[in-house]
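So the structure is just underneath, and the comments pick up after that.
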Amino acid sequence: MAVFACLSWLFAIARFSFGYFVGFYFYTMIFGYLWLNSFSDLEYNHKLAGLSAAVSLITFLLPALFISAPLRQRFKLSMLAFDRMLSLILLLSIGIAAVGAIYNFRVVALPDIYRFREQMSAPTIVNYLVTMVSSVLLPFAFAGFVARRAYWLAFAVLLVLLALYPITLTKLAFFAPLWLLLMLLLARLLEARVVVILSLLVPMLVGVILLLALGSKAAFFFYIVDFRQITIPALALDVYNDFFSWHDLTHFCQITVLKPLMRCPYQGQLSVLLEEQYRLGNYNASLFATEGIASVGPLWAPVVTFACGLVFALGNRLSAGLPADFILVSAAILPQILLNVPLSTAMVSHGMGLLFLLWYLTPRAMSGTGRPASAMGTDAPTSF
């Protein structure tokens, strides 16, 4: 543990990037797993699993933190086209939210969402679009409107995000507007790397303090922030290591597009499979558990996580030159998502691949030459 803690110096020498943002969250998750690994009563090779987790994080961080050279923008939007794209994203999001509300719309208290979520149903394409809107498109539009000082449109984005809660019944949709505002405030006050660290550690600390001060009254907040955000992703590594130590590996057949093309020992989703085995809820897990442990096992997991790190390095390169605070806010939702879903799911279902494209197309100079002031609500549109 002490040796692993020394890896924190990587975050002191690396510059801010999208990989830095996600990498710090993964670092905290793996650190938590290595601690939990010492107390686990599940029967698998704990020394091998712990070593694999530590090495996997290192192989992930090296490209994710240190490959960030910009790619040449062979095609980029003008400021006018960028403004129009933001408006189009907002309009499309409103339309998708309206379609989603036709199938599911139920206002319930946050503690009751699990009871009603099982009753929800909608076409697969609608679910995909709603997920992509809440995870990527609306946060990107919010960051863009703020950068262009179109504050009323940014406020409209927050309202649409909030309206997605009764459609999806997810904690992420409920807290997303507040989270974006908090990230925006921190990004204006502090250096980007400090914001990344505080965005994870401060909510965790608040949860612990409230639990100690208020006891059971703060239990739900502690569960959402501390237990669900960090402890559950770390526990998922424990469960996946145990299950796949005595079951067949997937060799990536859990990825939807690959399953019809190859022999797969599992027909259902891994999260459902592990719920049936352990009765601990649906264990959607990060790339370290799914693309790593489940697919190739602990010995080869560091190779896979290196490849995953290269994906985030591509995100770094496609976003290079954009203001750090713009990247922070537009990607604010993704680190929490990546702690709980495979990389393939994040890239496609949650739209992370689309965000990479949007970053690439975004004009690097967000000031001065775009739409007239009256059109965007300001005399001099600028970055944050």
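Here the Cβ of each residue, glycine as well, is placed from N, Cα and C on the backbone.
Here is what TrEMBL says about this protein:
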- 12-36: transmembrane segment (TRANSMEM)
- 48-67: transmembrane segment (TRANSMEM)
- 88-105: transmembrane segment (TRANSMEM)
- 125-143: transmembrane segment (TRANSMEM)
- 150-167: transmembrane segment (TRANSMEM)
- 173-190: transmembrane segment (TRANSMEM)
- 197-225: transmembrane segment (TRANSMEM)
- 293-315: transmembrane segment (TRANSMEM)
- 322-339: transmembrane segment (TRANSMEM)
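The stretches the transmembrane segment (173-190) and the transmembrane segment (48-67) are not in mutual contact, being linked by fewer than three Cβ pairs under 8 Å (pairs 6 or more apart in sequence). Looking at which of 12-36, 48-67, 150-167, 293-315 has the most CB pairs under 8 Å to the transmembrane segment (322-339), the answer is the stretch 12-36. For the transmembrane segment (12-36), the residues of the chain that approach it from at least six positions outside its boundaries are 1, 4-5, 50, 53-54, 56-57, 60-61, 63-68, 191-193, 196-197, 200, 230-231, 233-235, 237-238, 286, 288, 309, 312-313, 315-316, 319-320, 324, 327-328, 331, 334-336, 338-339, judged by C-beta separation under 8 angstroms. Residues 86, 89-90, 92-93, 96-97, 99-100, 103, 153-154, 157-158, 160-161, 164, 167-168, 170, 172-173, 176, 180, 326, 329-334, 337, 349-352, 354-355, 358 of the same chain lie 6 or more positions beyond the ends of the transmembrane segment (125-143) yet place their CB under 8 Å from a CB of it.
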